[in-house]
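> Shown below is the structure under consideration.
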Amino acid sequence: MEVFSIDSMSGRMYVTRPMDREERASYHLRAHAVDMNGNKVENPIDLYIYVIDMNDNRPEFLNQVYNGSVDEGSKPGTYVMTVTANDADDSTTANGMVRYRILTQTPQSPSQNMFTINSETGDIVTVAAGLDREKVQQYTVIVQATDMEGNLNYGLSNTATAIITVTDVNDNPPEFTASTYAGEVPENRVETVIANLTVMDRDQPHSPNWNAVYRIISGDPSGHFTVRTDPVTNQGMVTVVKAVDYELNRAFMLTVMVSNQAPLASGIQMSFQATAGVTISVMDVNEAPYFPSNHKLIRLEEGVPPGTVLTTFSAVDPDRFMQQAVRYSKLSDPASWLHLNATNGQITTAAILDRESVCIKNNVYEATFLAADNGIPPASGTGTLQIYLIDINDNAPELLPKEAQICEKPSLNAINITAADADIDPNIGPYVFELPFVPAAVRKNWTITRLNGDYAQLSLRVLYLEAGVYDVPIIVTDSGNPPLSNTSIIKVKVCPCDENGDCTTIGAVAAAGLGTGAIVAILICIVILLTMVLLFIAWMKRREKERHTKQLLIDPEDDVRDNILKYDEEGGGEEDQDYDLSQLQQPETMEHVLSKAAGVRRVDERPVGAEPQYPVRPVVPHPGDIGDFISEGLRAADNDPTAPPYDSLLVFDYEGSGSTAGSVSSLNSSSSGDQDYDYLNDWGPRFKKLADMYGGGED
């Protein structure tokens with residue numbers, strides 16, 4: 001490390017630079033003695049060098065700011081916190097021995113020496129009573145640490161700050177700001193705040209020592225009210241939790257006590273202002289009438305005559321201190337069977353009550369009524385009347401089934417019959433099935449065998465019965481008191497059967513009442529109808545053909561009007577024609593033609609020459625001169641080479657090169673007059689003018 005050096009001749013040792021004990025406190029060296037030739041003359045010696053400490057380091061606090069707390073009202077000697085300072089000097093000497101003391105305390109209330117510090121350990125404790133958070137919430141203490149055992153003349157010092165917070169204890173009971181409070185509430189109203197109770201508490205806000213708890217200690221035995229705490233304002237909100245009745249209680253006198261969530265500190269007594277009185281007035285409101293017995297059930301037999309008094313369904317108006325009248329009306333009466341007295345609520349029958357009606361559910365007829373008073377505003381209540389109808393035997397049984405079939409010869413097959421009755425037990429089965437005595441053929445041809453109380457069998461009594469449909473009357477009697485009977489008709493289809501006892505197809509037709517003659521007549525009618533349809537179709541086709549071949553009804557010689565004559569449609573449009581459009585191509589040359597606008601393109605030029613003179617129309621023409629004038633104008637126009645159309649080529653499109661079509665260059669225009677134009681007379685009235693001009697000879 002080259003900290004030391006030695007004089008090789010004298011053996012004196014020197015330090016080469018200042019030494020720091022805090023960096024290295026001791027050194028272990030070994031010295032050697034040798035002659036001029038380097039030979040050892042003595043054994044090596046160990047040298048131990050210790051660096052003597054000097055007071056060159058100040059005490060250093062671990063933190064510049066210390067935070068601590070102490071409860072208000074703490075007794076003297078209560079521990080608060082500990083501050084610690086370290087000195088880098090030798091702690092075994094005075095240079096490293098640190099002592100603590102308090103320099104200042106802010107604020108100096110209620111005493112300038114509220115705290116003291118242990119000079120050796122740095123523990124801060126209270127030294128005086130009177131800590132009150134409501135007066136002083138925080139103290140700032142400056143602590144000094146000095147080495148040299150606290151000798152201020154020779155020691156080095158340093159300071160730190162200790163912040164001591166006085167924590168709250170519940171040493172201030174809550175107190176009402178007023179001794180009495182008042183409020184009012186309408187009757188039958190719940191969850192309504194009636195009054196707000198204000199309290200004062202000097203403890204720390206929004207802490208358990210400040211949060212108020214309210215309790216009703218008297219005046220509300222039925223539990224109509226409760227006092228809830230507002231978490232923000234700490235006020236007590238008197239709230240209705242159970243509806244009050246003006247007719248029972250017009251006012252309430254409550255006594256409310258307030259306390260904190262946390263218990264009071266030891267030695268603190270409850271304030272006499274911790275209780276207050278609350279006066280609550282109940283306001284009368286118009287209450288709806290109500291039916292004491294709702295739903296009301298009555299029992300009676302069905303079929304009672306109209307005008308029968310059933311019951312009085314009256315309502316009660318709870319407003320005893322209001323002189324009000326109650327009126328009644330119907331809300332629902334599905335079958336309109338009931339009549340209601342609007343004044344007293346008496347209910348009578350307006351029609352016969354029938355248990356078998358579709359308006360009955362489980363033998364109960366239900367109607368709803370309204371009772372309304374004449375208060376301001378009016379109020380109303382509803383009530384339900386249930387009428388249980390007791391069944392009477394008022395429905396005769398009906399035979400089932402209505403139709404059946406049976407073989408024309410007696411066999412094992414028979415018709416099972418039963419009955420249906422709209423009544424209920426005991427006005428239904430067992431049933432009695434029997435055949436009437438009139439007509440006599442019924443008992444002669446048929447017989448009934450009883451199976452049980454609800455079923456019987458109908459079968460043939462004779463050995464053979466002609467196929468057909470027979471109406472068999474059967475008398476069905478129920479077991480009501482008195483019993484009711486009904487004669488029902490069952491349509492029985494008698495038909496020939498196969499070996500399995502099933503009706504054959506021919507037999508089914510015969511059983512339907514159609515003989516052989518009728519069947520033949522039906523077939524003949526069907527053939528005639530088909531023949532008429534075929535003849536009608538053939539006639540329609542012939543008429544359509546005649547319409548296509550029919551000539552014009554007007555003589556073409558007499559029809560000089562420019563009319564459109566419809567001969568027939570072409571058929572499909574061009575899109576369904578299979579044309580080879582590849583032949584239509586632009587020519588390789590003719591650029592001067594292609595440069596012109598789209599459409600019909602002309603390659604001709606107007607001839608240059610003398611223009612003929614057209615005849616001048618007389619100012620006052622004679623009717624006989626009109627024909628001559630037209631003839632002269634036509635002749636002049638035909639001989640005018642400058643008048644279009646010119647004898648030139650009109651280009652519509654070009655086939656292109658390599659066309660498969662033949663050349664038309666051999667076709668020359670003829671003007672010699674040898675052409676025969678008589679065939680124009682056969683082309684119809686539209687070519688009549690041309691035929692007259694060219695087909696009639698020179699003239």
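Backbone N, Cα and C define each Cβ position, glycine as well.
Caution: TrEMBL annotation is automatic and unverified by curators.
For reference, TrEMBL lists these features for the protein:
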DOMAIN    4-61  domain 'Cadherin'
DOMAIN    62-176  domain 'Cadherin'
DOMAIN    177-291  domain 'Cadherin'
DOMAIN    292-399  domain 'Cadherin'
DOMAIN    398-506  domain 'Cadherin'
TRANSMEM  506-539  transmembrane segment
> Averaging the per-residue pLDDT over the domain 'Cadherin' (62-176), what integer do you get?
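For the domain 'Cadherin' (62-176), the model's average pLDDT rounds to 94.
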> Across the domain 'Cadherin' (398-506), what are the DSSP residue counts per state (helix, strand, coil)?
8 helix, 51 strand, 50 coil
> Per DSSP, how many helix, strand and coil residues does the domain 'Cadherin' (62-176) have?
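Looking at the domain 'Cadherin' (62-176) with DSSP, the answer is 6 helix, 50 strand, 59 coil.
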> For the domain 'Cadherin' (177-291), DSSP counts of helix, strand and coil?
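When I sort the residues of the domain 'Cadherin' (177-291) into the three classes, I find 3 helix, 51 strand, 61 coil.
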> Per DSSP, what is the helix/strand/coil residue tally across the domain 'Cadherin' (4-61)?
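Helix, strand, coil within the domain 'Cadherin' (4-61): 0 helix, 22 strand, 36 coil.
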